[in-house]
């Protein structure tokens, strides 16, 4: 029977050693689902609220016992006493949103609500004897995503003196996800060799990328290109580059202040100068995607950037859209960006996540399914990427088990789909003139 009989949450740890929420759901028939909730380092101003305890004597204030209690004492009784079916995802998500009653899920916490939402979906898939991607996407879910691999970390994700938060490689020329993953791994290991030869640090950051002290942004890019060529691959054909600039992290009083991360030698740029700078980089290097190139509140700057580069570069809104259909709808209407980053914990339920993906795809925007810097062994985002035919996934570098877990899940899915599996490579960027 599909009736949910038990919902239970506990406090566990994420990849940074910080507490997070784990939720388990059980049905009458014994079907079971478990979900772990991720957490971000750089967060958008308009994201749903991640409820933390604030008790400085426990986990430095980062405990999540309040969120756990909200699941066990408030959400669980509503679900169990209401005799909800595990197959009724939309009704359960809607009930939790109403129970919270706030615009940003600040009462119960998005980390509490999301844990339940995903655990319910996993239990439903278990009940039906289906893999999660098939339960979520039906027979249409068969496209494996191009991995956006963050192999060099800067900004808030490392101590490297570089403002840009992520430098990514995208192996679009591969014939399969399996081959794209191999290319990425070989580039990653060749990059490590190059860094060691230069006497640079090869310790990895939150998302598994290297965080050496490069001589600025272009030094980082040139070194990555060297690693790509060392594998025998061609930049701009086999492999493209991407940036997550996370510009909201260094935007203040109308100025993009690179000195925050790069020291006194860093530039200070107006919105127009920021657009000019990004265009210079695009003209010089094989860049196919730029995330958060402008601040989340600099909509005029975003419009300038979109008008200038929107036909040839994927312009991804992360802090800009925060997986929120209201924000995305406004962006579509104003012609801002051409892609949305999808982070399940930015909005807090699977239903709202899928609504955002569908809205983007209907408008001709791409949807990039994404991890957070504080991750867990949970692989739900891999299944979401295939279920929605998103075509792109951003889940870190080629190290750290919390990142590799998602890649390994995608390998399993590709194997299971066998001849029906699709990998569209460069054609996943249907929002660009190629």
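Note: Cβ is positioned from N, Cα and C throughout, glycine not excepted.
Residues or ranges marked as active site, proton donor in Swiss-Prot: 207. Here the Cβ of residue 207 (active site, proton donor) has 30 other Cβ atoms within 10 Å, regardless of which shown protein chain they belong to.
Counting every protein chain shown, the number of other Cβ atoms lying within 10 Å of the Cβ of residue 343 (active site, proton acceptor) is 26. Sequence annotations record features per position, and here Swiss-Prot assigns active site, proton acceptor to 343 based on sequence analysis.
Cβ neighbour count for residue 373 ((2R)-2-phosphoglycerate binding site) (all protein chains, 10 Å cutoff from its Cβ): 24. Classification of residue 373 ((2R)-2-phosphoglycerate binding site) by DSSP places it in coil, neither helical nor stranded. The (2R)-2-phosphoglycerate binding site annotation in Swiss-Prot covers 165, 343, 372, 373, 394 and rests on sequence analysis.
DSSP assigns residue 291 (Mg(2+) binding site) to a strand in the three-state reduction. The Mg(2+) binding site annotation in Swiss-Prot covers 244, 291, 318 and rests on sequence analysis.
Nearest to residue 372 ((2R)-2-phosphoglycerate binding site) in space, judged by Cα atoms and limited to the recorded positions 207, 244, 291, is 207. The separation of residue 394 ((2R)-2-phosphoglycerate binding site) from residue 318 (Mg(2+) binding site), Cα to Cα, is 12 Å.
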